[in-house]
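*Asks:* Pasting the feature list from TrEMBL:
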COMPBIAS  B:1-27  compositional bias 'Basic residues'
COMPBIAS  B:28-39  compositional bias 'Basic and acidic residues'
COMPBIAS  B:433-471  compositional bias 'Acidic residues'
COMPBIAS  B:477-489  compositional bias 'Basic and acidic residues'
COMPBIAS  B:516-525  compositional bias 'Basic and acidic residues'
COMPBIAS  B:526-535  compositional bias 'Acidic residues'
COMPBIAS  B:1077-1089  compositional bias 'Basic and acidic residues'
COMPBIAS  B:1110-1121  compositional bias 'Basic residues'
COMPBIAS  B:1122-1136  compositional bias 'Basic and acidic residues'
COMPBIAS  B:1137-1147  compositional bias 'Basic residues'
COMPBIAS  B:1148-1157  compositional bias 'Basic and acidic residues'
DOMAIN    B:80-245  domain 'Bms1-type G'
REGION    B:1-45  region 'Disordered'
REGION    B:427-537  region 'Disordered'
REGION    B:686-710  region 'Disordered'
REGION    B:1057-1089  region 'Disordered'
REGION    B:1110-1169  region 'Disordered'
Amino acid sequence: VHTQNHGLEYDGCNFFRQRLVLSTLSGKRVRIKNIRSKEDDPGLRDFEASFIRLLDKVTNGSRIEINQTGTVLFYQPGLLYGGAVEHDCNPQRSIGYYLEALLMLAPFMKTALKATLRGVTNDPIDPTVDLLKTTALPLMKKFGIDGAGFDLKVVKRGMAPGGGGEVLVTCPVRRTIKPVQLRDPGKIKRIRGVAYSVRVSPQMANRIVDSARSVLNQFLPDIYIYTDHMKGANSGKSPGFGLTLVAETLNGCFLSAEMSSTPQGQGDPVLPEDLGRNCAKLLLEEIYRGGCVDSSNQSLALLLMTLGQQDVSKVLLGPLSPYTIEFLRHIRDFFQIMFKIEVQKPLEDERKGGDKVLMTCVGVGYSNINKTLK
Amino acid sequence: MDGKVKKQQKRHQQKHSGPKAEKKKLKKQEGSNEEDERKRNPKAFAVQSAVRMAKTFHRAQDIKAKKHHIPLVDRTPLEPPPVVIVVVGPPKVGKSTLIRCLIKNFTRQKLGDICGPVTIVSGKKRRLTFIECNNDINTMIDLAKVADLVLMLIDASFGFEMETFEFLNICQVHGFPRIMGVLTHLDAFKNNKTQRKTKKNLKHRFWTEVYQGAKLFYLSGMVYGEYQTQEVKNLGRFISVMKFRPLVWQTSHPYVLADRMEDLTDPEKVRTDPKCDRTVSLYGYLRGTYLKNKGQVHIPGVGDFQVSDVNCLPDPCPLPDVQKKRGLNEKERLLYAPMAGVGGVVYDKDAVYIDLPASHVKQQEEEVRPTTELVQSLIDTHATLDAKMAASKVSLFSGSATLDSTDEEGLHEQRVWDPKIQRERRKVVFTEEKEDDDNSGSSDEDDDSEEVEESGGEEEQEVDENPDEDALSTFLKEARSQCNEKERGGAPPVKKQKLEEEIAEVPVFADSDDELEKRDSGHCSEEEEEEDEEDKNMSNIYISSISFGFFFSGIYIFTLSTGALCWKEGLQQKASEAFLRQQQAAPNLRKMVYGSVVAADDSEEEEEEELGGLFRVSRPQKSKKTQANALDCSHFKADLSHNWDLEEMLNSIRDCFVTGKWEEGQDAATLLKEDEELYGDFEDLETGQVHKSHSGRQDEGEVEDEEVQKNKRLEKKRRLKERFDSEYDDGEATYFDDLKEEMQKQAELNRAEFEDMDDETRVQYEGYRPGMYVRIEVPSVPCEFVSNFDPHYPVILGGLGSSEGNVGYLQMRLKKHRWHDRILKTRDPLILSLGWRRFQTIPLYHIEDHNGRHRLLKYTPQHMHCGASIWGPITPQGTGFLAVQSVTGTKTNFRIAATGVVLDLDKSVTIVKKLKLVGYPYKIFKNTCFIKGMFNTVLEVAKFEGASIRTVSGVRGQIKKALSTPAGAYRATFEDRLLMSDIVFLRSWYPVVVPQLYNPVTSLLLPVGQKDSWAGMRTVGQLKHDLGIRNKPNTDSLYKPVVRTQRRFNPLHIPKELQKALPFKSKPKQQQSRGKTPRDLQRPGVIREPHERKVIALLQALSTINNYKKKKAHTVQHSKHKEFLQQKTKQEEAKSKRQKELRKKLYRAMDQKDQKRSRSSLKGAPQES
């Protein structure tokens, strides 16, 4: 009876979350073929299935079809519903994997989101919940998503591979997103961080702090790294430790780096001193890359720019990560938005790290179609 | 004249001495006047009443706040599209005549038949598009959505007609455009007085409908079949200075009012299958907001379509160049109306005649013109593709990299490539057509041309990508040409074939003849050359360039490439190469990101290597495939080449910290210095020392650059001004002002950002700007659109936002229009106009209860809002809609049935209707009952355990547990004992499903002349009427005479024991009525003698007289007694009065006595006693 848009098709399971999230936001259906079709163990993995289940929980009326082998996925998005959601994330990936996507969807729900996610809070692969808390939330605040109900709380900490952590995310609903002009990150005024340890000696955290400070003190005196040792029921199922560092600039931009110990029984164990030093170096690397948004949140910033009103938004980024580049292509597919990408080379006598990229776009004028009008 | 004659007045002489001057001086010294007055007359300035003051203050603030509108970012384009003026009115009111007159007024041209939009240039900054709206409600609805100004023609001799009000209501729902009334047929009035009266009446009615003071024009009479020139001129002036308000729907959606339509379908295809779907191109000015290529559009009256291509054409009706003169010259008074036969295109019954105008030819030229570099490269091609394929093995790794091709062009080419443009068209385009054709021809012959083409191209690219140092510059050209040729010749057929298979695919963006794409496509073929180590190097380098200057940032791919460690060889060399590449790649980041991703839609087969054309090498994971299936992770791995232990590395980020060096303008030292400069020279009053700023000394010593000095001064000035501004505004600046300023800044930024960019690039970033003249290609349009095309009906392309193409449940607030004469019934189909669309759907009406429950209503309330839920297109909340019951013909009554607004969108609905389940007790214990007849199975009962139930008489209870027999019976408890005659019921809510009917009104597809006869689904009532079906009424619902049976009660029975105990009064009376006395006991009547009778009669007469006398005497006696009583009371009163006075006297005397006594007792010893 009526012609519907034909939707998009992709190959392979990479950038799985991007495709589903953008599909949900744009209302375009998506078909993903050849998911690990040539591998010994074809089809969707458990963590991807868990992600789909989470998506199903926050939406209403989505249609998900997976073939027998799990190599083809068809997704017709429903409307974002939100509300209180509880989800047991698969411990193959950390909560950060799920949370990254959830944060992209959270402001566009029908009712304010209040999600409890259980699983691995910290692992070396994905951005940890601490990192997202310290960088993604302030970033979203710049786009007008703020208020009392905007929070991310680490209730329990669970290291890979056992998990057992718990995170509480609450996010208010917005009808429109503000355009932003983030062209100047400003200078870094302070460095903060969290050194966490569970089911190991609490001394580990102190050792991490000392070594990280030794590197960072060359630049700035205002460094404070909190130690967070969780015990008992709040400590999850596996031992481990790690460090998250955040550099805050005068203009309220956050650059961060993190490192976790290798999961129990996988690879060589690391010394906390090495971890601290390496993490500090990663932070320096991140600062070298620079920009107003740190490298793991580039895609979130670009998405919110795209979904802004029909005005020009600008954001200065460090070099684009491969993930972000693919995200830009996906944005073009789903929203027909192209970014103007200008490379800013550092001046000769300037000592501010590497090349930067100024991303400019005109928003699509997206309005939250899920929110109820009273 | 006056001034000259008047003599010079003597000037006022100010006194400098004397008493008057003294007085003045004194006054001046005293200070401000106001202050003085406040002191002198404080009462006048005092607060008289706090309440009154608060009231006046509130009122002032209210008035101030009323003037505020929510500030919006001004997104109007610099060169706005023509203003759409819709001329509306009932038939024969003079619409065409008015348009003709206005066009003649503006352009001095006469237009015969007005069909389709007519665009004219009316002034230096304004263009107008006139369009006539006929009497069809479909047209009225469509045009109300795109109108900027509505000229509403009213026949004054007749008065208002329904259409006028209908159109006004349509406008109100879809955002209110400017409306101007025009009264015609004023010459029909014979009498001047009635004319004036009618004018006044009409004006006031018009004002109540639009707004008080809405402009109403009078066209008084016709001269030679036209309106009077002066009146038309005045109307034209009003139109050309009118300001328009931005309407929400219009400013948030792109739309095109098509003024030209072309059928692009292959004539051969049409010949073989006249009913085949057509490809159509529509032309028109883009309005509203930015239009994205490949977006979705809705054509009201036809349906939803995916745009296949959008082009921007030169303006056929451009505004005059900016010149300093007052009016337009004749040349600039352009007129463009292709549908009416002006401006190049004439529509006939079955053909379109085009006399090629300048604009059209220009567009073709643009497509044809290749960039010089491209032509050059094509000319350089000497060998055919086949030859190169054969030779490719040899030259595989000796070719040099052509990665530095920096040609910026490519959009023309891309457009040429676009497979949806006809092949014939493309043939015309290229001068090297022959070669091109040969290529494609040869490949077409081949069975699997795709693969051959692809692999051939890929191999060539290996050549390009080979990073060997001994790159021969002579090779470079050839390689590039090969590459270009591959893209010229090879890719298009591939694309086309693919397109036939699947319509929706990843759109190809950006320049195809661009180095990065080459890399991309090269990359996808890497696996074929697995055995070569060189290849691996190449892939690494490719990856490094992808990750923008970080050699190892693509680590994850490294780890996935084969385990051989040979790639480690020559690491340093590769690093340096990568660095070089990075230098080149940096400006091309855009192309790197958006460069066409051909690899993405390669089918599996293409990637498999062919061996001798028979066998295919099946390899498990290769780089491209693995990339597609790689780990989905947003982490950007660090660049390991940076050693953060080195001092120079650390130094490279020194300035990122507050401890580092600050910029010139923000450094604390410079800021201080600047402050000093601003307030530099000052004199210390105490010491008398004069401080000079440093800048003074400097210019003595060295002669500084003039420019620098000037800049500095300007900067200083700006700073001062800024400071002053901020200080000055601080007092007044409100939140509103801040908001306005912010919006202003954003608008400026929006304007400035892409200003100096050429249109082709700009269009990619922004989309097509409103104001552009665009050509939109729409594929798979039903053939009826073309075959039944009627230029009198407007064709509108309304852009749809993201997810507005989907359907779902809509919850709306609806109110039946008060002029519609009947209420609406749930489940009766209704035609809605919502967003761009008109569609038929089945609404369910409901109302929200206090607890948030949506209860189904059978009919809409008479004068109240109610909810309505439909299955329809997803449309943003807050969008208005209107409903009509039918779009066919014109009925006499008001056609708009309801209006409302969208509240909520969802994929499910929660409407419920009340359901009462009834059961009957079959066994009653004390408060417990067994009830049957409510449910059918035990399972059903189990679902309702604990539910509250009630009897008709109001006894409440609860369902306890199901009984095994009979099925569906259950045990329930009540608050009181039930009777067997009681009826028990359970009140429950049953969810209702909204029927999924979404039927777009396809009125434009109907044959010419019948476009207003679209008929959709009929209501049940209509169906029954048409088919002559009459429902048998439910016999229970019929009215019958009420028959009541006499109720008999049993006598009260009191036990004997009780009777004994009762007091006599309450004892049941045992005596029965005696009944009739038997005849033997009856006494006989007495019969008197005549004499006796006489005696009795006499006695009776005497006694009557006696009685009378007695009575008379009694009354006399009574009145006498009354008189006596009156007298007595009078005496009594007099007596009591007398006594009272006596008593008074006595008491006074006593009192006096008492006083005297007491006084004397105070004085001294008692004298009396």
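Any Cβ shown, glycine's included, is placed from N, Cα and C.
TrEMBL entries are annotated by machine, without manual review.
Note that this is a predicted model, so its numbers are computed, not measured.
Give me the local environment of each listed feature.
*Replies:* Long-range contacts of the compositional bias 'Basic and acidic residues' (B:1077-1089) within the same chain, counting only residues at least 6 positions beyond its ends with a Cβ under 8 Å from a Cβ of the stretch, are 1096.
Broken down by DSSP into helix, strand and coil, the compositional bias 'Basic and acidic residues' (B:1122-1136) contains 15 helix, 0 strand, 0 coil.
Mapped onto DSSP helix, strand and coil, the compositional bias 'Basic and acidic residues' (B:1148-1157) counts 10 helix, 0 strand, 0 coil.
Applying DSSP to the region 'Disordered' (B:1057-1089) sorts its residues as follows: 11 helix, 0 strand, 22 coil.
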*Asks:* Give the residue counts of the compositional bias 'Basic residues' (B:1110-1121) per reduced DSSP state, in the order helix, strand, coil.
*Replies:* 12 helix, 0 strand, 0 coil
*Asks:* For a three-state summary based on DSSP, what are the helix, strand and coil counts in the compositional bias 'Basic residues' (B:1137-1147)?
*Replies:* 11 helix, 0 strand, 0 coil
*Asks:* Compute the average pLDDT of the predicted model within the domain 'Bms1-type G' (B:80-245).
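*Replies:* Averaged over the domain 'Bms1-type G' (B:80-245), the predicted model reaches a pLDDT of 91.
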